[in-house]
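S.K.: My questions will all concern the structure given below.
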Amino acid sequence: MTTLAPVPASDPMTEGARQVTVVSRKAPIAFAAVTALVALLLLVAPRDGSTRFRFSDEGDLLRLPDVAVPGMVTAWVGVAVAAAVVAAGAVLAARRRRVPVVLTLVLVLALLVAFLAWAGAGSSRDFSVARLIGGSILLAVPIVFGALGGVIGERVGVVNIAIEGQLLAGAFCAAVAASLSGSAVVGVVAAVLAGALVALVLGVFTITYRVNQVIVGVVLNVLVVGLTSFLYSQVLVPGAERLNETDRFAPVAIPGLSSIPIVGPALFEQSVLVYVMYLAVPAVWFAMFRTRWGLRLRAVGEHPKAADTVGIKVERTRYRALLVAGGIVGIGGAFYTVVSVSSFGKEMTAGAGFIALAAVIFGKWDPVRAALAALLFGFASNLEGALSVVGAPVPSQFMLMLPYVVTILAVAGLVGRSRAPAASGEPYTKE
Amino acid sequence: MTLELRGITKRFGALVANDHIDLTVRAGEIHCLLGENGAGKSTLMNVLYGLYTADEGEVLIDGVVQRFSGPGDAMAAGIGMVHQHFMLIPVFTVAENVMLGHEETLSGGRLDLPAARAKVREIATRFGFHVDPDAVVEDLPVGVQQRVEIIKALSRDARVIVFDEPTAVLTPQETDELMAIMRQLKDSGAAIVFITHKLREVREVADRITVVRRGAVVGEAEPGASDAELAALMVGRPVELTVRKDAPVRRDTGLQVQDLVVTDERGTVVVDGASFAVDGGEVLVIAGVQGNGQTELAEALVGLQRARSGSIRLDGRELVGLSVRRILEAGVGFVPEDRNVDGLVGDFSVAENLVLNRLDGPPFARRGMLQLGTRDEFARTKVDEFDIRTQGIETPVGRLSGGNQQKVVLARELSRDLRLFVAAQPTRGVDVGSIEFIHKRIVATRDAGVPVVVLSTELDEAVALGDRILVMYRGRVVGIVPSTTPRDVLGLMMAGIAPERTGAA
């Protein structure tokens, strides 16, 4: 008996597998939920008065007028725009089409304006746009450096949970070294070494001894917290003048760029470490995707055995990349004690390392995207300060939660499918 | 050049994987290394390639002793390898994969991708390959990925090229093409080492044959030797190469699959509208090159993959939508493709593994308590019945050989009251002795009137075991033909060409 199944019509050799579009409904649902929450907020707690946005400061070359808008009206307009986006997203999903990123951005912006307009309504103080941006940058700097270190680590196959520890060690060593030497630059160098040292310890356990990477990372974080806290109270507090008083980097204005209206002072009248960050992000991207170092690093993180079979030393590559990553995170640590403030304080990094870790995932293991994600988290933290200035009735704790909420949403797949380096977290055993 | 291995010994703990192996490979010849799975062929080649360090013995090239501290040294010495599991980075492009490890750079440390692309094109043209240097490797069909591996070796001027079980993932036609490439390489003066356990391929291309058994060289054979001779040498005793079975006694249709569609998580259709029926008392072999949807089809039958649409009826009862547990209770026995991942718990004992899916009620559990006595008694019976070679029923199953592990899976599944038996690659990584036994049990199950579905990528097994053969290609059923269908027709079907067109069916 011979049964013949239907024969494909065209030449099967040239035809790929059929594709069914999988449309995630997560995005439209989340959009709708967030929009509804903001609308609910406006309904439950309406506020009178107008909101003022300030676009330039005293002394700026080009003075832009402040803008005052009626708070509730603007807020509702924002919500309306967001609702339109939600509807568009729903229609697209129903037609089995993907929701473009632009729509997401419009939604976020609309809700942000709505929220700010509501929060600032009736306040005598105004929102300085320059400060919103500049403050975000400052808060984001350690997170950006941390995220860069995290991206390098994961790309080479080592999950760098110890970013927090590297930041804290960097901050501590920068404070001590800068105080002793009287030079902030020496402080930064010490921070780089401290970050690399923590990374080395991580490497010894995870690469050489193949201990679970997450466990070692967590333990290292706790260790560094304990160590720096102990040394702080036993050594730094008694000898504060000599050991814990740094000369900070002064802001340097970049001629020309710093006089761009609105963003100029916020972006280009900063300390040298911020400029280092501006350079570090593209530099890491270039190194990772355009150089031999990066190609080998990614190969080791994706398929270490394949890398081994073409003569790449897996362990050596991992150590080197991890040390570089630790050094970069160290710079972020230095930022706390030679830019933000001029002394070390107990546990002063306050979880920035974990937010950096979130930025790595949010940024899909890409240095540029991760840096942008870090900026977003910096903005969320900064918002808290801005809101308390205008006296908004939002508990500051809620704003502090924002980065984490965003992270959970991101990890849940709202930023599109993200794919980790295949061998991230896997120790390499040569059988 | 001449490559010589002298007295290579490699031990893993108590296991001697290679026992004083001598081997000489000369330029311009294809040297076959023939042996069963686990005979130590791959270990030997990994020693040659610098991945393992030999405990004793040395590698000589043109009479000079070589010291390889890693694959980099071996490559520098002119040894290239086409690995069984491709050593390619899936997310990299062809050019990036080829340049990896010996990258050239431009000013500023930038990778010289144009040079790498040119190199890929140059080698591809030389051998008549069609490979796009900018294609991402994971998007390429396996046959093309293998060519990328070959290009990789050639781009480093390899003069000895080792092919480690290269045909496992290829269609018969692709296999023929690979043989042609190997001959072409040989004619260009390269020395080829061809590792395989498939006799037909050996006789086709080999200039010399070395047979390896249990880590030692047991002899050389002439390319003209018969299959039976080669098999006997490989296994160490005469082997029955065919499956002895009577004509099937068909009963009512047991399994009826209609328009089954399965997709993966990215939405790619992996089983595309499959329809077929299996009668009680017949074996339907689902054949095809690995990765054409057979695995997903089998997993859909037991509910491990969700069917997107279509129906699976067993004795008239719809199985789509039921949980795996319910499907097993409906009388489906399943031997998964990878026993180490899906079939067994390696650290559990033989006895525990034998009752793994029967612990939710009597006789092996009562009132939430395991009935260890009943279990052990059952295990002892099964160990005898299925000839499981183990030190005892308490031995962790991970310590057993592949063949005996598979017998444990088989014993567990066949001990239940079955209405359908699905076995995916039941003899993969199993020694020839166990293969005979497993085939016998499958035929016995058929003769008991159970519909049997067997997945196999090996054409020999499909023809020997099946009453009918269903060939899949890219998720579609190309055709269902009797197992007497000529091999070349089956081969073409495995490449997606339906039998009507070949004019043979």
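Backbone N, Cα and C atoms are what each Cβ position is placed from, and that goes for glycine too.
Just so you know, TrEMBL annotations never went through curation; they're auto-generated.
I grabbed these lines from TrEMBL:
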type     : residues  : note
TRANSMEM : A:27-47   : transmembrane segment
TRANSMEM : A:67-94   : transmembrane segment
TRANSMEM : A:101-120 : transmembrane segment
TRANSMEM : A:132-151 : transmembrane segment
TRANSMEM : A:158-178 : transmembrane segment
TRANSMEM : A:184-207 : transmembrane segment
TRANSMEM : A:214-232 : transmembrane segment
TRANSMEM : A:272-289 : transmembrane segment
TRANSMEM : A:321-342 : transmembrane segment
TRANSMEM : A:348-365 : transmembrane segment
TRANSMEM : A:372-392 : transmembrane segment
TRANSMEM : A:398-416 : transmembrane segment
S.K.: Among A:27-47, A:67-94, A:184-207, A:214-232, A:372-392, which stretch has the highest count of C-beta pairs below 8 Å with the transmembrane segment (A:321-342)?
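M.R.: By the under-8 Å Cβ criterion, the transmembrane segment (A:321-342) pairs most with A:184-207.
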S.K.: Please identify the stretch among A:101-120, A:132-151, A:184-207, A:272-289, A:348-365 with the greatest number of Cβ pairs below 8 Å relative to the transmembrane segment (A:158-178).
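M.R.: It is A:184-207 that shares the most Cβ pairs under 8 Å with the transmembrane segment (A:158-178).
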S.K.: Other than its close neighbours in sequence, what residues sit by the transmembrane segment (A:348-365), given a CB gap under 8 Å and a spacing of at least six beyond its ends?
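M.R.: Distant Cβ neighbours of the transmembrane segment (A:348-365) are 142-147, 149-151, 154-155, 160-168, 171, 221, 329, 332-333, 336-337, 371-374, 376-377, 403-404, 406-407, 410-411, 415-416, 418-421.
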S.K.: Residue list, the transmembrane segment (A:272-289) vs rest of chain: Cβ under 8 Å, 6 or more residues beyond ends.
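M.R.: Tertiary neighbours of the transmembrane segment (A:272-289) are 137-138, 141, 144-145, 148, 151-152, 155, 188, 249, 252, 254, 297-298, 328, 331, 334-335, 338-339, 366-368, 371.
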S.K.: For the transmembrane segment (A:132-151), what are the same-chain contacts with Cβ under 8 Å, counting residues 6+ beyond its ends?
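M.R.: Distant Cβ neighbours of the transmembrane segment (A:132-151) are 160, 163-164, 166-167, 195, 199, 262-263, 265-267, 270, 273-274, 277, 280-281, 284, 288, 325-326, 328-329, 331-333, 335-336, 339-340, 349, 352-353, 355-357, 359-360, 363, 365-367, 370-371, 373-375, 377-379, 381-383, 385-386.
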